[in-house]
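Engineer: What follows is a structure written as structure tokens; I'll ask about it next.
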Amino acid sequence: MPFPNCSAPSTVVATAVGVLLGLECGLGLLGNAVALWTFLFRVRVWKPYAVYLLNLALADLLLAACLPFLAAFYLSLQAWHLGRVGCWALHFLLDLSRSVGMAFLAAVALDRYLRVVHPRLKVNLLSPQAALGVSGLVWLLMVALTCPGLLISEAAQNSTRCHSFYSRADGSFSIIWQEALSCLQFVLPFGLIVFCNAGIIRALQKRLREPEKQPKLQRAQALVTLVVVLFALCFLPCFLARVLMHIFQNLGSCRALCAVAHTSDVTGSLTYLHSVLNPVVYCFSSPTFRSSYRRVFHTLRGKGQAAEPPDFNPRDSYS
């Protein structure tokens with residue numbers, strides 16, 4: 001919370017957030033582990049699109065692996081037991097994995113937009129090896145952007161507190177940097193995703209006018225709409241809560257600030273939900289992933305492996 005002397009952690013809010021984080025951890029680890037296995041062992045023909053999705057799965061898997069520590073933090077009413085270094089490491093990995101995930105979501109949207117709307121551009125000839133190089137640069141850039149804001153993540157003198165990501169009022173460089181970066185991390189990817197997906201839909205509507213092609217158009221529309229809705233659902237509430245936090249910091253109302261701080265805790269935990277929902281997008285976009293998740297689902301239900309659909313092609317690719 002931004003002002004420890006103004007409000008104490010809410011037991012109800014902390015417990016709810018801790019339980020939600022625990023669920024996100026379990027589902028995120030399972031879904032993204034299956035996605036990673038599918039990428040490594042079942043996708044045979046690689047394109048840049050698949051490389052970016054692989055990196056997205058890695059970022060989501062890293063994020064999900066960090067969530068047990070954050071869940072324990074909330075379930076213990078925000079008491080921290082892993083020291084200053086542990087606090088720094090948790091903040092770094094959470095912020096990095098979330099930033100990288102958002103960057104690769106934008107990269108996927110841009111790649112699809114260029115291939116569908118501007119298919120003759122030379123950038124569409126990018127090889128998988130070049131896409132790996134681009135992915136490495138994205139990771140390095142996000143590391144460089146994440147580090148300056150980590151000065152905020154310092155434990156208290158007794159090493160039993162680990163300040164949250166949410167804004168505080170001291171106006172230091174690290175606070176300003178982190179808030180500006182958080183704003184850009186939402187606005188830029190969201191704007192790019194909306195723009196690219198709208199362009200894809202317009203292009204497909206012009207090309208798929210025949211009645212027999214309408215089912216393909218409808219599937220494409222559903223997929224791009226799903227991507228936009230999931231992004232907004234997970235990140236927009238947290239973005240708005242941070243805006244409200246800045247507003248109420250200047251009003252001097254401790255009660256209002258407490259309510260907004262608790263809202264920030266809840267909406268902040270929702271941003272990690274995207275690591276759980278991204279595998280839904282994989283499943284929606286490829287029969288290979290539908291087959292993998294179907295196998296896991298039937299195994300968990302004790303029914304053994306599901307039969308492959310008649311039109312299943314194990315040499316699936318992303319074009």
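Just so you know, glycine gets a Cβ as well, placed from its N, Cα and C.
Feature annotation from Swiss-Prot assigns N-linked glycosylation site to Asn5; the stated evidence is sequence analysis. Residues annotated as topological domain 'Extracellular' in Swiss-Prot, with sequence analysis given as evidence: 1-16, 74-91, 153-180, 241-265. If you look up Swiss-Prot, you'll see 38-52, 111-131, 202-219, 285-319 marked as topological domain 'Cytoplasmic', on the strength of sequence analysis. Under the heading transmembrane segment, Swiss-Prot lists 17-37, 53-73, 92-110, 132-152, 181-201, 220-240, 266-284.
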Engineer: Between 17-37, 53-73, 132-152, 220-240, 266-284, who has the most Cβ pairs under 8 Å to the transmembrane segment (92-110)?
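Structural biologist: Ranked by Cβ pairs under 8 Å, first place goes to 53-73.
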Engineer: Helix, strand, coil: count each for the residues of the topological domain 'Extracellular' (74-91), based on DSSP.
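Structural biologist: For the topological domain 'Extracellular' (74-91), the helix, strand and coil counts are 11 helix, 0 strand, 7 coil.
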